[in-house]
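**Student:** First the structure, which I've put down as structure tokens, then a few questions once you've had a look.
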Amino acid sequence: MRFVEVVLNEPEKDVVALADAHFFPPYHPAQGLRTTAKGLPLIPFQLPPRQAKLTVYNVASNETSIWIVELTEVHALTRGGHRKGKVISCETLTDVQPAFDAEEYALCEAAIKAFKPFVEAVKKRGIENMDLVMVDPWCVGYFGERDAPSKRLAKPLIFCRTESDCPIENGYARPLEGIHILVDLQHMRILEFEDLEFVPLPPPDPLRNYTPSHIRGGLRSDLKPLKIMQPDGPSFRVDGYHVEWQKWNFRIGFTPREGLVIHTVAYDDGSRGRRSVAYRLSFVEMVVPYGDPLEPHYRKNAFDAGEDGLGKNAHSLKLGCDCLGHIKYFDAFLTNYRGSVEKIENAICMHEEDHGILWKHQDWRSGLSEVRRSRRLTVSFLCTVANYEYGFYWHFYQDGKIEAEVKLTGILSLGALRAGEIRKYGTVIAPGLYAPVHQHFFVARMNMAVDCVPGEQANQVVEVNVLSEKAGSDNPHNNSFYPTETVLKSELQAQRDCNPLSARHWIVRNTRSFNRMGQLTGYKLVPGSNCLPLVGENAMMLRRAKFLHHNLWVTSYSPDERYPGGDFPNQNPRVGEGLPTWTKRDKNLEQADIVLWYTFGVIHVPRLEDWPVMPVEHLGFSLAPVGFFNCSPAIDVPPSEHQANAAKEDVAAVVKPAATTSMVISKL
């Protein structure tokens with residue numbers, strides 16, 4: 001038995017409402033709770049027992065099962081004093097394959113490197129030292145019946161390092177192509193092997209490595225230290241996994257598949273009390289399709305969350321490198337495939353950042369001005385999936401805005417070129433080496449709860465487009481344009497795409513809550529730069545990723561609808577599982593528990609400047625209040641003290657507090 005995933009079986013929303021009623025007095029316990037037949041609130045005397053949800057793969061039978069285990073009924077065994085939970089349910093699934101794990105990756109690489117025909121094929125290409133060979137076991141996807149989940153399959157990409165003194169030699173600079181390998185991961189054996197054609201290894205590129213001692217021309221020498229100091233400590237407060245900052249409060253979670261999860265987001269709005277904004281925020285999937293039709297690149301359409309796991313590939317973050325300032329770290333605890341607990345130290349980073357001007361106005365008559373600086377709270381984690389790195393960030397602002405951001409970096413997935421060969425599907429990076437054009441798509445799942453108590457179904461979604469008015473008597477100067485609103489009444493109607501030409505955005509409104517002008521309170525989803533898939537309509541990869549057809553999907557909340565391509569996208573033979581299937585029911589959205597599924601992507605045409613490591617590219621969107629507040633919520637931010645640049649004689653005074661702060665940071 002291999003433990004693919006062990007996570008908290010998240011409690012129902014009425015249970016969370018009960019907990020909030022205890023911890024946040026403005027909430028009344030009766031709100032959000034189930035009621036009796038007479039309409040009275042059904043208030044339990046204690047919280048229900050904690051439960052875990054396990055996804056388990058049986059290697060012997062090639063079956064996957066889902067277990068629900070109660071954690072509070074514990075028995076001390078006679079040997080070792082181990083604890084045992086109580087099994088609530090077990091369901092065995094057929095025709096699915098769960099995500100891969102690092103242990104399988106290592107076993108797959110070892111099996112291939114021990115396969116004699118592969119060793120001979122590699123020697124043909126001038127490689128004698130098998131320790132230099134790198135095997136990245138990619139999922140096969142689903143391109144036909146031979147990829148069916150009746151077998152657990154991998155189709156690896158092969159690379160070869162160059163012998164050098166570099167401590168982390170960039171092996172991705174030398175792709176080894178022309179060899180076809182299909183691996184049965186259940187039995188760790190080679191099912192298919194064929195040396196299709198001789199493609200020479202690209203010559204070692206002198207610019208391939210990126211460690212300090214291997215940078216041609218040396219490192220810059222004119223960069224002065226930049227210190228972020230908070231001598232009085234941070235402005236946030238943390239109690240376990242509950243965070244309070246300025247007027248924001250929320251809980252932090254972490255799963256092997258999603259990584260960072262933000263729960264129960266609310267804003268303290270003075271006399272109106274603690275007002276809910278969202279119940280659960282996370283990134284639930286990412287898909288990376290490549291545009292080269294040749295082998296092996298056409299098979300590259302990784303589902304990095306569903307086939308692998310963003311959280312299980314998270315980094316242990318380091319102060320001064322990944323994060324800068326006064327940091328609060330959170331560890332992540334996951335299980336490996338054997339069921340043992342593993343800790344990712346400092347998996348989540350939380351800190352405050354200066355973000356320029358928040359607001360400013362100068363009275364031109366008097367010359368007097370008021371200005372406030374913006375500060376944001378950032379919660380983030382980073383992960384490595386094979387050659388790429390991804391950073392996932394949630395930023396909270398003093399003006400009530402929430403920003404979601406993804407940062408892309410890492411090493412390009414490359415292909416080899418024959419002498420004189422040119423491919424139109426990518427960019428030549430170095431002699432014999434090119435990078436195919438590709439796209440990155442990310443899906444954010446946002447269970448909104450604008451001005452709602454948990455479980456209340458009082459939200460609707462409105463689409464806003466700004467239109468030009470036709471010339472006529474109402475528009476005599478031909479200058480008129482105006483916003484129009486359309487209520488998205490059902491799930492099928494709410495399958496929408498971005499349109500920057502009309503400044504299209506979507507507002508989640510509470511149908512029972514009003515601001516001082518009698519308007520419904522709301523939060524809007526503001527798209528950033530975006531795209532749609534460029535693969536053809538009948539591309540096989542879209543069988544599993546039909547959710548990429550639209551930038552926005554809206555559903556009525558269901559606890560079983562967690563991932564846009566279904567629970568098991570690996571080798572999935574079912575067409576349109578997930579969002580396209582769920583929304584066929586066309587549930588009503590006029591007063592609902594709203595879930596926004598926002599898909600955003602980028603078209604990556606590689607540049608020489610992306611080599612050997614790609615500078616960070618930013619992508620994302622924001623959630624901003626619309627009529628949620630009666631005026632600017634940032635009007636009460638106090639002014640900052642004027643500070644002149646420290647002169648040379650002041651340096652000693654600056655350095656001393658910095659040393660003190662660094663001591664505090666190291667303890668954190």
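Cβ atoms here come from the backbone N, Cα and C positions, even for glycine.
Just so you know, TrEMBL annotations are computer predictions that nobody has curated.
Pasting the feature list from TrEMBL:
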- 98-201: domain 'Copper amine oxidase N3-terminal' (DOMAIN)
- 227-635: domain 'Copper amine oxidase catalytic' (DOMAIN)
- ASP304: active site, proton acceptor (ACT_SITE)
- TYR388: 2',4',5'-topaquinone (MOD_RES)
- TYR388: active site, schiff-base intermediate with substrate (ACT_SITE)
**Student:** Near TYR388 (2',4',5'-topaquinone), how many other Cβ atoms are within 10 Å of its Cβ?
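**Tutor:** Within a 10 Å radius of the Cβ of TYR388 (2',4',5'-topaquinone) lie 19 other Cβ atoms.
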**Student:** Taking only same-chain residues 6+ apart in sequence, whose CB is under 8 Å from that of the residue listed as 'active site, proton acceptor', what do you get?
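**Tutor:** The answer is MET286, VAL287, VAL288, LEU310, VAL385, TYR390.
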**Student:** Over the span of the domain 'Copper amine oxidase catalytic' (227-635), how high is the average pLDDT in this prediction?
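**Tutor:** Average per-residue pLDDT within the domain 'Copper amine oxidase catalytic' (227-635): 96.
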**Student:** Give me the DSSP three-state residue breakdown of the domain 'Copper amine oxidase N3-terminal' (98-201), ordered helix, strand, coil.
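**Tutor:** Secondary-structure composition of the domain 'Copper amine oxidase N3-terminal' (98-201): 30 helix, 26 strand, 48 coil.
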